[in-house]
Each structure stands twice: as structure tokens, then as C-alpha cells.
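Now, the feature entries from Swiss-Prot:
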{"type": "DOMAIN", "residues": "84-310", "note": "domain 'ABC transporter'"}
{"type": "BINDING", "residues": "G122, S123, S124, G125, S126, G127, K128, T129", "note": "ATP binding site"}
Amino acid sequence: MKKGNKTVWNECIDILDNVKSPSFSANFDDYFKKSKSKPPKKNKKVLNNIKKAELKLKKKANKKQKANTLYIPPFAQQAKGIVITINKMWKNVHNDDSKQEISILSDVSLQIAYGEIVIILGSSGSGKTTLLNLIGGYDSISLGSCIVANCPLEKCTSEQLLTYRKNNLGYVYQRYNLIELLSAYDNIAISQNLIPKYQRRLDIEELAEKLDIKEILYKFPYEMSGGQKQRVAIARAIIKEPKLLLCDEPTGALDSNSAENIINLLQTINKTYKQTILMVTHDVSLTRIANRIIKISDGKIVSNQLVRPLV
């Protein structure tokens, strides 16, 4: 695969984070056949290479497991109405200079209810993104426990964490992470294809209308403004109706007007779909939409306030 094609494939890996799961390939063929956008002809070879690379991963995964084996995460019972339960969680890393372990997250304990908007505040290097990555199953827990949607993350294998993310999470990045060779519609559809048809309740065009992106649905990322790209990224994240929407500085790359629109949009999504939202930011102005505000400093939670209880 040429360098340019490899870059596109890596984008798919970063965004979907499920490509090593055999289930991803199931609808890949149908997806491109039914695609409503028509990328330039020169991109067809690139898309075919993406498909071929995915099929190779599928074959490799199948050799390592028995037929029809599912990587089902372990189960832990949480209190009713609670989506996240963290108890004395630590994240340690090895310091090459001192040859000792240092703690970048220390003794974290908290509970978050379904439907809350949680704003996690902290300066750069405070540990707020580390906390988000641990909740998302993107990093390993050193000590303690983290249960999300009845799944104890510290007990999961890497394959089980893939299943956990596919079934429970949507992720919104600061830099959008849209696949440049796909239209807005296809960027959203490729996420929807990760779930079986019988589980799909949201229609892409109806969702696009609610998120005010219907007019750009068949445009490519290079034709969009920053605010439009972030709206598409949010649509991609919520199309599969995740239990938890993780947002890492979602307004950090936007101008003030676009940022305000995204903030209002996230609040609307929370009210319309009862979506639980965890948002990492250094922007204090975002706290106006929060149910809960968590402040982190030097890897520790210094404040955890429920400022607006759920009705």
C-alpha cells in the first residue's frame, strides 16, 4: 500500500478503533456499494485498499480465535441510574530518567449518573485527558477499579475493550478526525455500520437535519468550515446511540461563534437523546451547561460538584 493510502487506512483505525474486530468487515462491502456520495474516481483505488487491509486483519484475527467466539466483556452490577463508578483508581507510568514509577492520576473515586453533562476542568498536564482515556478504555488502569455501563474495565482484555468501546462509546476529538476522502454522509455511515441493522434507530438524514448539517451532507471535509466539521464529527459519534459521549476539547480548534454553536448543540443532544456527556476542557465558560463540574490538579480530583441536579 502506498504512503498516501496507508495514511487513509490509519485514519480509519484511529476513528473507528474497531477494525481488529471481525464484526467490522461484515457490512464493509455493502457500505461502499450503498454509499450515497461519489468521491473522485482516483480515490476508488484508495478505498479498495482500505477494504483489502481490513480483510487481511479479519483473516489474521480469525486465526487467533475459535470460530464464532465473541469477546464479551465481564459484567459488574452498578447502582441503578449510574453509568460510571470509579473507586481508588491510579495510573502510574515508568520514568526513564529516575527509573521509577510516577503517578499521573492518583486515588480517583467518583460516580456519574446517566444523563449528566460532566465538565472536567484542569490545566495542561493535570491528568484530565488521562482520566478520559481510562474511562474510554484507551489506557490501562494501574490500581483500583473503573466500571462503565456495568463493564469493569480493569478486568477486560484488549479484545473485550474493543467490544466495550463499540457498544458503549462515542468520541469527539478537538481536530474532528474526519476521513478526508469520504463525504459527511459516509463519515457518519461508516460509524453506523459498526452496529447491526436491527439495532439502528437513528436515520442519518433525520439526524443531519436536527444537527443543522443536512446542506453539507454530501460535501467533503475540505469543503467545510471548522464548526461544520465538528458537527459532522458529533453526528458520527452519536449515530450509534452510545451510552457515553466523550469529548476532548471539542471547541478548542474553533472560533468563538462556532464554539458557542457547538456548546448549544451538545446541550440540545443531552436533552433530546438523554445523552451522558463527559467533556474535558480548560475553557471555564463551558461549565454553564454542566450538571457536574470536576476539577483536576496534579493528577488528583480537587473538586467534584453537582451544580445542577438531574430533574
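Placed from the backbone N, Cα and C atoms, the Cβ positions cover glycine too.
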Same chain, not part of G122, S123, S124, G125, S126, G127, K128, T129: whose C-beta falls within 8 angstroms of the C-beta centre of the ATP site? Give them in sequence order.
T130, H282, I296, S297
Between 0 and 100, where does the mean pLDDT of the domain 'ABC transporter' (84-310) sit?
90
Have a look at the binding-site residues (S123, S124, T129) and report the one with the fewest Cβ neighbours inside 10 Å.
S124
